[in-house]
Amino acid sequence: MEKSRPLWDNPLQFVFACISYAVGLGNVWRFPYLCQMYGGGGFLIPYFIMLIAEGMPLLYLELAVGQRMRQGSIGAWKIISPYLCGVGVASVIVSFFLSMYYNVINAWAFWYLFHSFQEPLPWATCPLNSNRTGYEEECEKTSTTQYFWYRQTLNISPSLEASGSVQWEQALCLTLAWLVVYLCILRGTESTGKVVYVTASLPYCVLIIYLIRGLTLHGAVNGLVYMFTPKLEQLSNPKTWISAATQIFFSLGLGFGSLIAFASYNEPSNNCERHAIIVSLINSTTSIFASIVTFSIYGFKATFNYESCISKVILLLMNAFDLEEGSLTADNLSEMKDYLMATHPQEYAQLSPQLKNCSLEAELDTAVQGTGLAFIIYSEAIKNMEVPQLYSVLYFVMLLMLGIGSMLGNTAAILTPLTDSRVIAARFPKEVISGVVCFINCVIGLIFTMEAGNYWFDIFNDYAATLSLLLIVLVETIAVCYIYGIRRFEKDLQTMIGRKPNWYWKVMWAFASPLLIISLFIFYLTDYILTGTLQYQAWDATQGQLVTKDYPGYALAVIGLLVAASTMCIPLGALVTFIRKRLKRESVPTVA
């Protein structure tokens with residue numbers, strides 16, 4: 001059976017597959033946000049400490065397990081111990097949940113890409129109202145980019161309870177996204193191995209173009225100074241360290257079973273230690289690189305908004321007090337406001353509510369992550385660039401490559417255990433198994449294209465994987481070190497790569513990494529308990545902004561099921577194995 005197992009064409013193909021999977025949207029829209037929130041350049045200190053203490057060791061462990069056992073997640077952990085079969089099942093379920101909603105991001109990227117060829121860009125101006133006498137009221141109350149996202153893309157409902165109907169444009173984009181994924185995974189490593197060269201390398205080409213363009217934008221320096229100025233006082237904040245550890249953990253894609261699946265197609269003698277170091281360093285370097293690009297564009301956007309605000313205030317004051325043109329500038333604005341307030345107190349007091357307090361620092365302090373950064377902040381910056389259509393196309397092609405690359409890993413985590421199963425593989429060809437998995441995911445994913453779909457997206461994004469993955473990886477490390485045995489694992493590694501792991505790897509596997517995971521698990525569990533009633537951000541069209549609402553009872557039930565569906569597999573798998581062994585022992589006839 002082992003001889004017939006498909007293999008990567010070469011080690012480079014495997015590395016590209018891991019990079020394509022690990023380097024995803026989180027590097028672009030999550031890491032810059034964490035830098036902004038937790039000390040700018042100072043955040044890199046806990047980030048790299050967590051990379052050394054948690055990221056590299058756990059990545060190496062998963063790659064080594066996959067390469068040694070030459071099975072997907074279910075088969076690999078079953079070989080280590082029959083009682084651990086539930087660990088692999090839990091990984092498959094988490095990957096299934098992730099695939100259900102993650103490809104919706106690719107659908108949105110397709111939607112924006114198709115609209116990027118218009119002149120002007122559809123999110124650059126507000127549409128006219130039905131009477132064609134003015135602009136849409138909702139758009140005037142918010143920004144053009146927010147209106148395009150919440151109304152024209154999502155057509156979002158006011159709450160989770162108002163589910164609405166499926167948006168057929170988004171449903172078509174989702175179908176297209178799943179069709180692309182299916183074509184990429186159609187023949188397993190044979191087709192995936194070719195695709196990863198594009199999905200892993202093209203985003204870097206786009207980021208380099210954006211870096212060159214970003215550094216030449218007016219105000220880019222403001223963003224970069226803001227990013228690289230370390231706020232070392234944040235190092236005393238426990239959330240800084242928790243956020244660094246969490247980012248490393250989820251960015252590398254640990255616990256999903258994707259890395260085990262990819263490594264199972266390696267030659268047994270492949271140097272997985274070297275590849276673990278390469279992939280983790282490239283992943284972290286990409287996060288920093290993407291942050292430089294993001295903050296240069298963020299600086300441009302903040303400076304543009306700040307200068308627009310100043311211009312509006314100057315125009316308002318000049319018209320109200322009939323000042324000479326050129327007498328009021330950005331440099332003397334503060335002094336002139338004080339002078340006008342002293343000489344014309346009544347007129348100034350009437351005008352005061354309309355005068356905004358313009359601040360570049362406040363613009364830079366506005367922290368946005370996730371879809372808000374990817375589809376609102378970036379599109380707002382793009383619309384103000386020269387030749388915005390070109391940069392829009394490049395940006396959304398990059399998002400697609402990052403999203404599809406991650407989807408290849410997510411689907412591999414589901415498909416590899418299925419194709420490893422003799423019962424399934426003997427009855428159905430690989431193309432049919434892949435097609436069924438994609439079809440089921442696509443049909444269920446239509447939930448996220450409804451008017452309330454974005455709220456369900458947030459539920460899955462926030463709760464489907466967090467606690468589950470921490471528990472899965474904790475059990476993995478304990479299983480390898482204390483059930484399989486670290487000395488036995490050492491011998492396996494010596495057989496594969498020609499040398500035993502040094503003290504660093506063993507200390508991290510046996511002590512440091514498990515303690516870190518337990519700390520994260522306790523933090524998240526405590527945070528959920530202390531939060532009380534779980535809440536979400538809903539779009540209020542009448543105000544043109546997000547408002548906080550409590551999750552309804554059935555949504556809380558779904559959240560509970562999402563967490564329980566995967567985590568309960570671990571004890572249930574052990575229990576079922578124990579019962580089977582007990583029944584088998586009792587059924588064996590005793591010899592008199």
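Even glycines carry a Cβ here, placed using N, Cα and C.
What TrEMBL records for Ala22, Val23, Asn27, Ser251, Asn283, Leu402, Ser406 is Na(+) binding site. What TrEMBL lists as transmembrane segment is 12-31, 43-61, 82-102, 168-186, 195-221, 241-265, 277-298, 393-415, 436-457, 463-486, 507-526, 554-579.
Known features from TrEMBL, placed on the structure.
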residue: Ala22; record: Na(+) binding site; Cβ neighbours (10 Å): 27
residue: Val23; record: Na(+) binding site; Cβ neighbours (10 Å): 29
residue: Asn27; record: Na(+) binding site; Cβ neighbours (10 Å): 25
residue: Ser251; record: Na(+) binding site; Cβ neighbours (10 Å): 22
residue: Asn283; record: Na(+) binding site; Cβ neighbours (10 Å): 24
residue: Leu402; record: Na(+) binding site; Cβ neighbours (10 Å): 29
residue: Ser406; record: Na(+) binding site; Cβ neighbours (10 Å): 27
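Counting Cβ pairs under 8 Å that are 6 or more residues apart, the transmembrane segment (463-486) and the transmembrane segment (507-526) reach 3 or more and are in contact. Between the transmembrane segment (12-31) and the transmembrane segment (277-298), three or more CB pairs separated by 6 or more residues in sequence fall under 8 Å, so the two stretches touch.
Those same-chain residues not listed among Ala22, Val23, Asn27, Ser251, Asn283, Leu402, Ser406 yet with C-beta within 8 angstroms of the centroid of the Na(+) site C-beta atoms are Ile19, Tyr21, Gly24, Leu25, Gly26, Leu252, Gly253, Thr286, Ser287, Gly405. Against the transmembrane segment (168-186), stretch 436-457 shows more Cβ pairs under 8 Å than any other of 82-102, 195-221, 436-457, 507-526. Ranked by the number of CB pairs under 8 Å to the transmembrane segment (241-265), the listed stretches 82-102, 195-221, 277-298 are led by 82-102. Contact check: the transmembrane segment (195-221) against the transmembrane segment (82-102) gives fewer than three Cβ pairs closer than 8 Å, residues 6 or more apart, which falls short of the contact criterion. When each of 277-298, 436-457, 554-579 is checked for Cβ pairs under 8 Å to the transmembrane segment (82-102), 554-579 comes out on top.
For the transmembrane segment (507-526), the most Cβ-contacting stretch among 43-61, 277-298, 393-415, 436-457 is 43-61 (pairs under 8 Å). Note on the transmembrane segment (277-298): residues 15, 18-19, 22-23, 27-28, 31-32, 35, 44, 47-48, 51, 55-56, 59-60, 204, 207, 210-211, 214-215, 217, 220, 223-224, 226-227, 247-248, 251-252, 364, 373, 377-378, 381 of its chain, located 6 or more positions outside it, place their CB under 8 angstroms from a CB of the stretch.
When Cβ-Cβ distances below 8 Å are used as the criterion, the transmembrane segment (43-61) is approached by residues 34-35, 234-235, 240-241, 243-245, 247-249, 252, 254, 259, 272-273, 276-277, 279-280, 284, 288, 473, 476-477, 480, 505, 508-509, 512-513, 516-517 of the same chain, each at least six residues removed from its ends. Within the chain, the transmembrane segment (393-415) has long-range Cβ neighbours (under 8 A, six or more residues past its boundaries) at 17, 20-25, 27-28, 72-73, 91-92, 95-96, 98-99, 102-103, 105-106, 109-110, 112-113, 116-117, 180-181, 184-185, 188, 192, 195-196, 198-200, 202-203, 206-207, 209-210, 253, 256-262, 374, 378, 382, 430, 433-434, 437-438.
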